[in-house]
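Here the structure is laid out as structure tokens; the discussion comes afterwards.
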Amino acid sequence: MGVLLKRFYIEDWFALVTLVLYIAYTAIAFVALEYGLGKQLVDVPLIDRPIAMMWRWIGTYFYIVITALVKIIIGLFLLRICNHQRWERIILWAMIIIIAVYNLFFFFLAIFACRPAGYQWTFYNPVPEEGECNSSGSATYPTYVAVLLNVVADWILPLLPARLVWKAKMERRKKISVYAVLALGSMYVLDSPSTDNLICK
């Protein structure tokens, strides 16, 4: 018999914060689309181009934080389930720390990709302002590392609870059902596109 716990754990608070951030991220995406993001450059009025890119870059920061928080939330939840599994806990803590630290670095790398920071969108002004951006190497390689970490985490998170399900005393049909649900969370990894938000102009 299941029991509903009237208690919020730290991952629950993180989930609420992530929900608010995702709502804001969605609103930012709609605003950026209104100014022409996603259209052919020739179809976007000159005056709208820097505005669309400004909202795109603001959305980039939200995206980095949201993707990190989602993995951290799931990791913290699994730590509660894997209470007596030593190696699983070590793997989860390592993943949480690496994801948190690297995404913090990645966040500030995105902010300071150009100098001044606003050059990331003022570059598209009809009369571009002066500024400079990081070299392609300093932008591309950290992005690939971020993608790799995300892929690894997206496989770890469903595979660890799958091992617990295998040991659980339940009918095989129920086990298969649980495996199917866990697999849904990592199917997109095979077709996950790499982000190019930090690649310089």
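Cβ atoms here come from the backbone N, Cα and C positions, even for glycine.
Lifted from TrEMBL, the feature list:
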DOMAIN    6-189  domain 'Rhodopsin'
TRANSMEM  12-37  transmembrane segment
TRANSMEM  57-79  transmembrane segment
TRANSMEM  91-113  transmembrane segment
TRANSMEM  144-166  transmembrane segment
* Asked: What is the average pLDDT across the domain 'Rhodopsin' (6-189)?
  -> 84
* **Maximum Cβ pairs under 8 Å to the transmembrane segment (144-166) - stretch from the list 12-37, 57-79, 91-113** => 91-113
